[in-house]
Amino acid sequence: INGQASSLSRDINVNMETIPGQQSDRRASRQDGRRPSIYSTMDAVPHLEFYCNATATGRLRRSRPSLETLRKAFEFIFPPLYEEQGEEENGAEGKTTEPVRFGWVTGVMIRCMLNIWGVILFLRLSWITSQAGILLTWVIILMSVLVTSISSLSVSAIATNGRVSSGGGYFMISRTLGPEMGGPIGMVFSFANALGCALNTVGFSESVRDLLVEYNAVMVDEINDVRIVGTITVTVLLLISLAGMEWESKTQVLFFLVLMVTFANYFVGTFIPATPQKQSKGFFGYRVEIFVENLLPDWRGSEGNFFQMFAIFFPSAIGILAGANISGDLKDPQTAIPKGTIMAIFSTTMSYLLISITAACVLRDASGNLNDSLPVNYSGPCEGLGCKLGWNFTKCEQSQSCSFGLSNSFQVLNLISGFGPLITAGLFAASLSSALAFLVSAPKVFQCLCRDNIYPYIGFFGKGYGKNDEPLRAYILTYFIALAFILIAQLNVIAPLISNFFLCSYALINFSCFHASITNSPGWRPSFKYYSKWTALFGSIISVVLMFLLTWWAALITFGIILFLFGYVTYKKPEVNWGSSVQAGTYNMALSYSVSLSSVADHVKNFRPQCLVLTGPPNLRPALVDFVGSFTKNVSLMICGDILMRNTDKLVKWLNRRKVRSFYTPFKGDSLREGASHLLQAAGLGKMKPNTLVMGFKTNWQECSPSSVENYVNTIYDTFDSNYGVCILRMMDGLDITEELQCEGVCAWNVLGFSLERWVRIRTVFQNKQGKKNIDVYWISDDGGLTLLVPYLLTRRKRWRRSKVRVFVIGQQQTKEDERTEMMVLLRRFRLDVHDVIVITDSERPPFSKNLNRFEDSIAGFRLREGQQAEGPAHQERTEGPWKISDKQMDAFRLKVRLNSGRYFVSVYVRSVPVPQGGCPSSLYMAWLDALSCGLHCPILLIRGNQQNVLTFYCQ
């Protein structure tokens, strides 16, 4: 071993490639955009494009070579990753216009803030504070924020568990819980957003109506004026939406700037000394006595209770999904949604809390009459806090006829501010921006629902237009729904309805996060880590409880609608497969019950005819199938079979006592290859069947009979040919503990009679805590991701949780940093917690002579002698002993061996298994595996998937 070599240079590496044209093949494949693995020019190194579902515009994506291709003996030249298509057509049509995409600030944070700063802030927050007092108002605000914050964490987790397309909350729920729950919530959520548009439009219309009343310019009456203004307003907003997302976004930024100026104007106004006119209306600036007076609640009227105040306020917090709802228009939804949503919640919460504190500036009741000021030496009757401040509001307080103050006027913010018209402008901006956001969100969500074809007769509204795929038809539908509720013209009637619909949406979003977490599906790997399945469950429960506490009749109606829509989807069973957590939960339940059933003793009362029916191809004997199905359906097991021409109880007990969740299936066979072949075909039940063969490394391959080596390697070959994955585990001291038991005086043929307790107490390295050791993964060839998935699943176990995964890939010195960056991007998209990526740049270095000599010595006993090298005798020898290696076969491969030394702080060493071409002698392949895994003190896992993706960065 070269002492000057780095630790990476000492890693085991064996390269077997055909000599003719190899270097030119490698250069050609690199120029095409694909580098071959060091194992073969056919094999491909990991690449992001292998995991993409859709192709780029005008291109056809090529995938990694299949196992069948890798097993063929001929050479294979990689095609380019993409092939350009239709260049002439594309040139004739000209360049396509790129759709508008938004970042996390303009696309999510500003949009959410504007949606949260709605009409409630300007028209109802001061009134809620007068009713509930400052303390309970803070409780109401923080309760609302608690619900929305937990929901935002769940949204962030779901949004970062794969690429999110358009559809927002509906997309996240449906892809997590499946169409059965996604479809109903998509309908309700779209409707809720349409109601949100109506709510904020009515708030704007009330403000305009108040201005008309103030200036004696009423058109018809107060109610109908709200309807008229609302109709005109929502029509204008529709036209802005139809103009496209770019215009809508610019409008939202303008509204945001207006609100910033409004807030600055308001808080400055709280410090400006009050004029007599403002004092007559209850404003006196910050006073301790006012603060103490307004600290506690003062419930008034039929609406004067805590939950009614919460029901009215909660819609002001529902805008947290405004950014997620346009997920299809974001540049990077996985980053933008968590960052923008959480920042928006924090900023708006602070603004609500600060504005509620300014209630320390205003009395609850005031007349607005300048004549109610008290003379200096007034000694007449006077009650209330106003007397101490020089004003007598006793008369209007007793008669409950006060027109001003926190409890009587919705224009308190206008009164407090430095310049009143700016508050009006802020109110207009807040209400219009929220209405516009809801008007955009509802069609986007509904369009995604329509395109999924879950419900009939709504596909018409899924059609998109323009570069941003705008749902113009859905815009028109949302417009008419919003208009219908605008005609109600009562803000306090609409608000509780919206609260119920959004609470239902939040309940399902939180439950989606909880359910995806609790099922322990390997596909649940959100890159956003600041969430908990238990807080998500709490958020789901509290949302349902609040639904009934706020408006119980609306909650019943909501659940009635959800159950009806759920029943329809369950009955229709749409043909979609999104890899939902419900599927993962079904698998967990089936696995758990199946394992539990294996330990249940048989009893005559529970006997069921579980039939293995030798039907051959079932469609050729339908009568036999129908007959047996008539008495086994929903009662017992039926398996259709197509045949092409010692006591095991203690072993099961040992598995159970050792807490290993596994089935034990003995199968008679004349050899390892025959038995494994039968098991690969017969093992499993329905979907619960193996897809990966795991076996131990044959450490005595040089000493045992050549036929035994041939049998072992052919088992691997058969597994590849059956399109299964392969895992080979090797440990320094081997896996067979028969000799250890014999040392303790136990006969090797009587191990079943050995003490069960003593068997259970035997510990292995995998039962120990691994500490902070590394898991080194040499991802040499792209096998679909199984090489990465197994180490990830290890780190999810408690014993391995502190271990760090390091990924090693093959690269070149001149492009080392680019290749490392590319691999980091791929791993981040997979949401795999990888500590580091290391690029090995010396893969083409000539082998050390010592390593090469060791490799040749290991196969010396399998080489053909000089007299057997001629074509005739060699063919005869290969027929009689297929494990024999000729000089020609040896010369056909270039071997490169480097031994590992010094990797002692590694818990597991994982490396890609090379796929041999047909005709490779079993002894040569065995020596290859041996060279890949020798000299290491830690467990070595040689692994190869079946070239089909087991990792994805998509939601569906």
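Each residue's number is its place along the chain shown, starting with 1.
Quick reminder: no glycine exception, Cβ is built from N, Cα and C everywhere.
All annotation found in TrEMBL is predicted automatically rather than curated by experts.
Look at TrEMBL and you will find 1-36 tagged as region 'Disordered'. Feature annotation from TrEMBL assigns compositional bias 'Polar residues' to 1-23. Annotation source TrEMBL lists compositional bias 'Basic and acidic residues' at 24-35. The annotation domain 'Amino acid permease N-terminal' is assigned in TrEMBL to 39-85. TrEMBL lists 102-123, 135-159, 228-247, 254-274, 306-328, 340-363, 419-441, 472-491, 497-516, 536-569 with the feature transmembrane segment. As annotated by TrEMBL, domain 'Amino acid permease/ SLC12A' applies to 107-612. The domain 'SLC12A transporter C-terminal' feature in TrEMBL is assigned to 621-742, 763-955.
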* Compare 102-123, 228-247, 419-441, 497-516 by their Cβ pairs under 8 Å to the transmembrane segment (306-328) and return the stretch that comes out on top. => 102-123
* Structure fact -> Here the stretch out of 135-159, 254-274, 472-491 with the most C-beta pairs under 8 Å to the transmembrane segment (536-569) is 135-159
* Asked: Do the transmembrane segment (340-363) and the transmembrane segment (254-274) come close, with at least three CB pairs under 8 A (pairs 6 or more apart in sequence)?
  -> yes
* When each of 102-123, 254-274, 497-516 is checked against the transmembrane segment (135-159) for Cβ pairs under 8 Å, which one has the most? -> 497-516
* To do: Among 102-123, 228-247, 419-441, 497-516, point out the range having the most Cβ pairs under 8 angstroms from the transmembrane segment (472-491).
  => 228-247
* **Same-chain residues near the transmembrane segment (254-274), Cβ under 8 Å, at least 6 residues beyond its ends** => 110, 113-114, 117, 283-286, 351, 354-355, 358, 361, 413, 416-419, 422-423, 425-426, 428-430, 432-433, 436
* Asked: In the predicted model, what is the mean pLDDT computed over the domain 'SLC12A transporter C-terminal' (763-955)?
  -> 77
